[in-house]
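**Student:** Quick one: structure below, then a few questions.
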Amino acid sequence: MSNGTIVQCIGAVVDIQFPRDSMPKVYDALKLEDAADSFAEAGLTFEVQQQLGDGVVRTIALGSSDGLRRGMKVSNTGKPISVPVGHGTLGRIMDVLGRPIDEAGPVETDELRAIHQKAPKFDELSPSVELLETGIKVIDLICPFAKGGKVGLFGGAGVGKTVNMMELINNIAKQHSGLSVFAGVGERTREGNDFYHEMKDSNVLDKVAMVFGQMNEPPGNRLRVALTGLTMAERFRDEGRDILFFVDNIYRYTLAGTEVSALLGRMPSAVGYQPTLAEEMGRLQERITSTKVGSITSIQAVYVPADDLTDPSPATTFLHLDSTVVLSRDIAALGIYPAVDPLDSTSRQLDPLVVGEEHYSVARAVQQTLQKYKELRDIIAILGMDELSPDDKLAVARARKIQRFLSQPFHVAEVFTGSPGKYVSLKDTIAGFKAIVNGEYDHLPEQAFYMVGGIEEVLEKAKKLQ
């Protein structure tokens, strides 16, 4: 293939000149030829983003651009970035280019696939109405997940997105006999390390492929690592499997796009985001889908800047999801974990035709009780509980019990809390909340409902408290 030379470097964006008759195509991967006389990364990969004309292409460096200088030779591979896919990737940790970073030798697979693929056609898609039980009460009741659906965990800094994601991985990936792909996009290296050991200790490492592009990596890596993970998941789906695809964190994918967009010379849009925000998000999300051959169930953590759900990045993500789990700082401040907001979280599956009449009516009754408590809170703050009518007092007492019963000890937090994690089946969850709403446990103290599993544990705890 043709060779070119570097003519300009601005951070992660590098301009490279090729002969006019052999310009690389957009998304072609280019490789740095010889970096022996400098401390630049040997074999550094660039991805073409724009053709500027006159043989010059503007590229993103997928690695550190330290040590690059004008005049260095670059070769065109003639094809997009391709990564190893298939069963050889299971149990391995890879970077954005599919290179192993777990010091366990090369990835044993001959099959490579380009990270830029078209989304499945409309007639290939397969909608699903089968529910996926998570064992987390608040999620199963208020915002149930669909098998083959897309789920977003929305929350600001420090309200528990990653802990919730780890618990979902613990409950679903371990119960689920299929394969999982985990894409760590711009998150902490420590979390990736914890995830690896969590999987190893529970003996499911041989069913998980891991791709990491962490916070300390250049924006090119963080921008493409989600596509690398997705390409591996698509390959398993296309052989007829049901795949779990975890992404932590979608916001960092957007942020990397913002960093790159400014360097590429594009005019910023609202709040400084890239003008192509919706298109970039759509290109990723439209590929995360289930076909008639196999399914991808994806669970994505979404950081919410300054707790503002109307920020363009989380607002653009909302459009693509089947279930949204919103984590609230106010609920976390009450010490209720998982800090899921039952009034803000939604699911397309919460429909009597999908979940059944009983589940639907219990979930709505729980939400109505909590909504009433929310409305009465201002009156209580000003006038106190004594000024409420007997009916309102009863509604508040039940709402406080429901609020506490929505908390649950997690398996992944055992080491911090000292209390063993609980998995609660959907049947037990519905029965428990139905009994509280119907007033069967009005005589029990509200402390008995805090941080327990099923309703039987509430009765045991109440006996101890008395």
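Just so you know, glycine gets a Cβ as well, placed from its N, Cα and C.
On a predicted model such as this, the values are computed, not experimentally measured, just so you know.
Checked Swiss-Prot, it gives:
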type	residues	note
BINDING	Gly155, Gly156, Ala157, Gly158, Val159, Gly160, Lys161, Thr162	ATP binding site
**Student:** Write out, in the order they occur in the sequence, the residues of the chain not among Gly155, Gly156, Ala157, Gly158, Val159, Gly160, Lys161, Thr162 that have a C-beta within 8 Å of the mean position of the C-beta atoms of the recorded ATP site.
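**Tutor:** The answer, listed by sequence position, is Tyr303, Leu327, Ala332.
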**Student:** Taking each of the binding-site residues Gly155, Gly156, Gly158, Gly160 in turn and counting other Cβ atoms within 10 Å of its Cβ, which one has the fewest?
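**Tutor:** Comparing Cβ neighbours within 10 Å for the binding-site residues Gly155, Gly156, Gly158, Gly160, Gly158 has the fewest.
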**Student:** Using a Cβ cut-off under 8 Å and a sequence separation of 6 or more, which residues in the same chain sit near Lys161 (ATP binding site)?
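**Tutor:** For Lys161 (ATP binding site), the qualifying residues are Leu153, Phe154, Gly155, Asp248, Asn249, Ala301, Val302, Tyr303, Leu327.
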**Student:** How would DSSP class Lys161 (ATP binding site) in three states?
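**Tutor:** In the DSSP reduction, Lys161 (ATP binding site) maps to helix.
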**Student:** Report the member of Ala157, Val159 (the binding-site residues) whose C-beta atom has the most other C-beta atoms within 10 angstroms.
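**Tutor:** That would be Val159, with the highest Cβ count within 10 Å.
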**Student:** Run through the Cβ atoms and count how many others sit within 10 Å of the one on Thr162 (ATP binding site).
**Tutor:** 19
**Student:** Under DSSP, is Gly155 (ATP binding site) helix, strand or coil?
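**Tutor:** In three-state terms, Gly155 (ATP binding site) counts as strand.
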